[in-house]
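Engineer: This is the structure I have questions about; it appears just below.
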Amino acid sequence: MNEKSRKIYVSDVTLRDGMHAIRHQYSLADVGRIARALDQAGVDSIEVAHGDGLRGSSFNYGFGAHTDLEWIAAVAEVVEQAKIATLLLPGIGTIHDLKAAYDAGARVVRVATHCTEADISRQHIEYARSLGMDTVGFLMMSHMTTPENLAVEARKMESYGATCIYVVDSGGAMNMNDIRDRFRALKEALDPATQTGIHAHHNLSLGVANSIVAVEEGCDRVDASLAGMGAGAGNAPLEVFIAAAERLGWNHGTDLYALMDAADDIVRPLQDRPVRVDRETLALGYAGVYSSFLRHSEVAADRYGLKAVDILVELGRRKMVGGQEDMIVDVALDLLRNPA
């Protein structure tokens, strides 16, 4: 089946990854308004949670304005067609949190691990399947391992019961060849019935291009967000990806103009820091740093009189991964002690 004949599954992440862009401070009214617009525009799923997934609200990652369940319930009140999705990182969220999210209305879960740690997802994937959820394996920081090793990890998630596996460019560090190689490796390793997905970040301005290449390589699901609302320079902007898909003649099933209106009229005004490629977010992609480190690094830079870029580049040199936000202050203090 070619790209024009098959339907692309459009997975919106404005209300989960987009949390990072405003330090997890969406109001319930904001969440409801955005979800209603997305639902009316025809997206397939709407992911809802703290930026770091279920139970992510904490000192380490940042406290949310509301609980995950309050946000999910607010979305459940307004959506009529789209499925509600959520994110779970083993070690942060538990199966008890997943059951509560399911009871609140979530029917899709993406179980996320570092790209070489799929083995820690087994319990959560198996439990999600027992609930009857659409269960996705989400391999974060996929640039940090080879395509062949990524395929090995993907097969583990598949063996636990995941019916879709994502290549996740958490650092926005990959180019089109990197994406192509990883999807080819996954397609060769996985059962043909297992779907694949792409989660791109825009730190090198390649979020849309990488998503297009993924679809060309047989990718079934595409993550994107209104106005690119997400960590770092954001995700692939949903309205831009859909416009490009429309020009390519692809079947996406969404209303482009409704998405454009929602991006500019609803989402962009909420940004307290522009979601864009700039000096700091470009450093994320260039150094291969976890995108949600951005706001934490800027806080540390202000506190200690440093440049955020220097902190981010050093984090990349040390190959820090998601979950190591506490190391940002350590890096800042090291830079203070040992200035270049």
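Every residue, even glycine, has its Cβ placed from backbone N, Cα and C.
Okay, so Swiss-Prot annotates it like this:
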ACT_SITE  His20  active site, proton acceptor
BINDING   Arg16, Asp17, Ser170, His199, Tyr290  substrate binding site
BINDING   Asp17, His199, His201  Mn(2+) binding site
DOMAIN    8-260  domain 'Pyruvate carboxyltransferase'
SITE      Arg16  site 'Transition state stabilizer'
Engineer: Write out the long-range same-chain contacts of His199 (substrate binding site), meaning residues 6 or more apart in sequence whose Cβ is under 8 Å from its Cβ.
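Structural biologist: Counting only residues 6 or more apart in sequence, the Cβ neighbours of His199 (substrate binding site) under 8 Å are Val13, Phe138, Tyr166, Val167, Val168, Asp169, Ser170, Asp223, Asn235.
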Engineer: Using DSSP and three states only, what is the residue listed as 'active site, proton acceptor'?
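Structural biologist: DSSP call for the residue listed as 'active site, proton acceptor': helix.
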Engineer: Within the same chain, and leaving aside Asp17, His199, His201, name every residue whose CB is within 8 angstroms of the centroid of the CB atoms belonging to the recorded Mn(2+) site, in sequence order.
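Structural biologist: Other same-chain residues near the Mn(2+) site: Val13, Val168, Asp169, Ser170, Gly172, Ala200, Gly207, Asp223, Ser225, Gly230, Ala231, Gly234, Asn235, Ala236, Ser291.
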Engineer: Please report how many Å separate the Cα atom of His201 (Mn(2+) binding site) from that of His20 (active site, proton acceptor), as a whole number.
Structural biologist: 13
Engineer: May I ask for the distance between Tyr290 (substrate binding site) and His20 (active site, proton acceptor), taken between their Cα atoms and rounded to an integer number of Å?
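Structural biologist: About 12 Å separate the Cα atoms of these two residues.
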Engineer: My understanding is the cutoff is Cβ-Cβ under 8 Å with a sequence separation of 6 or more in the same chain; which residues meet that for the residue listed as 'active site, proton acceptor'?
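Structural biologist: When sequence neighbours closer than 6 are ignored, the residue listed as 'active site, proton acceptor' has Gly51, Gly230, Ala231, Gly232, Ser291, Ser292, Leu294, Arg295 within Cβ distance under 8 Å.
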Engineer: For Tyr290 (substrate binding site), what is the tally of other C-beta atoms lying within 10 angstroms of its C-beta?
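Structural biologist: By my count, 28.
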